[in-house]
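Marked as region 'Disordered' by TrEMBL: 12-134. Sequence annotations record features per position, and here TrEMBL assigns compositional bias 'Low complexity' to 27-46, 82-95, 103-112. Per TrEMBL, the feature domain 'FAD-binding FR-type' maps to 178-299. Taken from TrEMBL, the feature FAD binding site covers Arg245, Tyr247, Leu265, Val274, Ser275.
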Amino acid sequence: MTCLCHISRIRAPGSALGPRNGLQHVSRAASTSISTSHSSSSPSSPALTYLIPPRQQINSPHSPKRPPQTRSALVSARQLGTTTTSAKSQSSESSQPPPPSRNNNNNNNNNNNKHEYNNHDNNNNSKTHPKHWTKRWPARTSLLLLLAVCALPPISEALRTGDNILLTSTVGRPLNPETFVPFTITAREQVSPTSFILTVRPLHARDAPSFFLPDQHANGPVLARAWQHGLWSVEIKQPQLQVARDYTPLPPRDDDLDRGVLRFLIRRLDGGEVSSYLSRLGVGDGVELRGPHLGFDVRARLGDSGDSVVFLAGGTGIAPALQAARALLDDNNEQPTTVSILWANRHRADCDGPGGIASLLAEEKQRHGDRLRYACTVDEEGSFISAGAIAELTGMSSITPVSSPGWFSFSLWGGNKTVPTAGDARDLLPSATGIAEESCPFHSARRLVAMPARDTPGAGCTCKEQHHGKNLLMVSGPDGFVAAFAGAKVWGAGRELQGPVGGVVGALKKQYPGFWADWLVLKL
Ligand SMILES: Cc1cc2nc3c(=O)[nH]c(=O)nc-3n(C[C@H](O)[C@H](O)[C@H](O)COP(=O)(O)OP(=O)(O)OC[C@H]3O[C@@H](n4cnc5c(N)ncnc54)[C@H](O)[C@@H]3O)c2cc1C
């Protein structure tokens, strides 16, 4: 019913063949037909009758006079295949010379058409011949019906979202990096005044007819590969402006993976186009996603000898840290990796708001014990990530690591937020040592400077045996956060590149250049 209303609205109300007129005319005809022919009504009749009237109206003036009962029978779904004929066929018959056999009731010709004409004439005084209809109308009406049914869900979705109808017809496709695929928001959780967690699932069963259903498992392999890779993101589109931004899925819970469910921690930026748009959406609203877009190949960079990952995460930058933790700690490697996360936030609620990231971190901690350490600093409480904390977690300083599980305090290091000056960027470039790893796509710090935040798929490690792995210090968060701790990313050749290491970590590298030979700094 809703769909018919949509169509009525699309057509011009005053149009001679407008659905309103046609619908009324045909409805009347249909009811006449039903009452005069005593056929039982069918739930599908209104849809069918809607499709037929224009043809009937156009053709009827040229059609031979027929009893009203027969004309009205045109619109009855049940009668279409049994008791009547089409105006078009009658019209064409009347305008063409009759075939030779037309009046020959004893014609033995086996030609099907002739046979049909004979049958028609045999029943000339009756309403029509059933076989005639089974050859013409059912094929036509079922095609129209099929097209109408196919078109209604995308049309109604497009009317609802004001979106491009062609895009909404991508319902059923698995997540892919080329096209936007519709998802539905199933949960929205406000974590702090500015950040919230959105849960989405592919648009399916309740929203579309069965043949639009995505294979429930179609997203499974796509997502499984992405989670196995470690770092990845998807784009979410703002449909009115047709712009998209990257967002990082949080690690899946329970059967999220099988159901293609994704969750995002999103911070609303005042004046931000996509984050503000997303902040206004609620449960039941649609969003369109494109991806996955794979980031750095963390495992390849850790190689066989890298066993430590330290994350400096600002705000929503915690999402890639959780992704890496899930991928690396779930691995039952001979060389177990440890992951340490220093997470900086403005408000306490960002750290441990109800149902938020704190519970995800606690779950991961429970699964992996001492292999995962994390701490949250809160600007408004005066605690910040300091150079001392980084030195400790990388094992660079002599300060004994804090071993207590869960949160630990940074008061040990005085909450120093001072950002050292980066100095001359050339000083921060790793010096060319001439060893083989200088050209390795995974382990050359020098090459990394001119690389975007992802690795070329299929590239292999070209290090010599003794240099085939490094520890990773990753910095993720807003641009200002990344620049403060690891130096700004730079633009080159139309892409955002890593640029030299600067900021707090750059200063530490200058102090202990030998130590940092075993580490790579990755900016996300
Ligand atoms: C790989 C990757 C993963 C990411 N994952 C996440 C994630 O999980 N969660 C998350 O929240 N973010 C994530 N981001 C960041 C996200 O992609 C967006 O950049 C962020 O949400 C801001 O987008 P926006 O469209 O809302 O803001 P934009 O419209 O892009 O604006 C950005 C900033 O510029 C300011 N601005 C805009 N216009 C003006 C103007 N005319 N004058 C002055 N200032 C202006 C805005 O106030 C805002 O602060 C990720 C980014 C990348 C690259």
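Using N, Cα and C of the backbone, Cβ positions are placed for all residues, glycine too.
Where the annotation comes from TrEMBL, it is an automatic prediction and has not been curated.
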The domain 'FAD-binding FR-type' (178-299), counted residue by residue under DSSP: helix, strand, coil
27 helix, 46 strand, 49 coil
Quick check: with Arg245, Tyr247, Leu265, Val274, Ser275 left out, which same-chain residues have Cβ atoms within 8 Å of the centroid of the FAD site Cβ atoms?
Ile236, Asp246, Phe264, Ile266, Arg267, Gly272, Leu278, Thr316
Around the Cβ of Leu265 (FAD binding site), other Cβ atoms within 10 Å, all chains included, total 24
Between all pairs in Arg245, Tyr247, Leu265, Val274, Ser275 (listed as FAD binders), what's the biggest Cα distance, rounded to the nearest Å?
13
Val274 (FAD binding site) CB neighbourhood, other CB atoms within 10 A
20
Cβ atoms other than its own within 10 Å of the Cβ of Ser275 (FAD binding site), all chains, total 21
If you draw a 10 Å sphere around the Cβ of Arg245 (FAD binding site), how many other Cβ atoms fall inside it, taking every protein chain shown into account?
16
